[in-house]
């Protein structure tokens with residue numbers, strides 16, 4: 001686990017668009033709203049570029065991210081938005097430079113491939129949480145979770161699971177991985193695929209039909225990725241559909257491993273921040289997730 005420096009009010013946060021872009025007016029509005037949290041902002045050189053459904057070229061987006069890791073003024077990097085594109089820039093990243101310049105990297109959705117790959121290759125804790133276009137301040141739980149994880153001196157989080165649903169309830173421990181289900185599956189069979197061995201797999205998704213969720217989970221099952229997990233954490237599947245939850249459980253329950261679902265992370269509010277690469281312990285007797293990062 002690579003150590004990184006926590007944020008303080010007034011620190012500089014680098015903003016990059018590693019996936020899709022946005023219009024200038026919308027970017028201005030979202031950055032202005034984010035500044036209300038008390039941080040200075042440094043924009044990536046290509047943040048405002050538009051390349052069809054991408055923000056700038058693959059090499060330019062990778063260059064922006066690498067520049068932020070190398071910039072001593074920048075204390076954390078937060079993605080402007082998701083969409084699509086992170087997988088295209090992975091070959092252009094320098095893991096050695098990133099490992100020598102550890103700092104907070106936060107995002108979700110399309111960022112899933114980036115967060116997990118960087119964590120696996122460098123040992124860096126990455127953060128599955130809100131982005132600049134997420135309107136963080138519009139939801140108190142989302143905002144407080146984000147600020148707590150990234151600014152508090154403590155590296156320990158206790159999350160009560162009493163309001164969540166638990167199947168195969170028993171103590172478990174492992175390292176957290178995962179995020180967006182579609183993006184997890186997109187890397188299978190490539191050098192960038194997720195490593196789930198002895199890990200806690202978290203999944204969420206948005207605007208996917210029930211049959212598509214079934215297909216993605218079957219892909220993980222047939223690739224052996226589910227066998228090696230120690231437990232499963234299920235977040236938002238938006239919009240909510242009870243049939244989707246039933247489908248997920250029908251595939252995961254036969255593994256007879258702990259499943260905690262209705263956890264508020266992903267494409268809805270609240271969207272709590274969770275550290276990928278962190279150590280997790282589930283205290284079944286106290287209904288508590290203990291996360292060390």
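Using N, Cα and C of the backbone, Cβ positions are placed for all residues, glycine too.
Those TrEMBL annotations? Automatic predictions, nothing curated.
Taken verbatim from TrEMBL:
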DOMAIN    13-129  domain 'LD-carboxypeptidase N-terminal'
ACT_SITE  109  active site, nucleophile
DOMAIN    173-279  domain 'LD-carboxypeptidase C-terminal'
ACT_SITE  204  active site, charge relay system
ACT_SITE  267  active site, charge relay system
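Break the domain 'LD-carboxypeptidase C-terminal' (173-279) down by DSSP state and the numbers are 33 helix, 31 strand, 43 coil.
Other C-beta atoms found within 10 angstroms of the C-beta of residue 267 (active site, charge relay system) number 19, with every protein chain shown included. According to DSSP, the secondary structure content of the domain 'LD-carboxypeptidase N-terminal' (13-129) in residues is 52 helix, 24 strand, 41 coil. Predicted-model confidence for the domain 'LD-carboxypeptidase N-terminal' (13-129) is 98, expressed as mean pLDDT.
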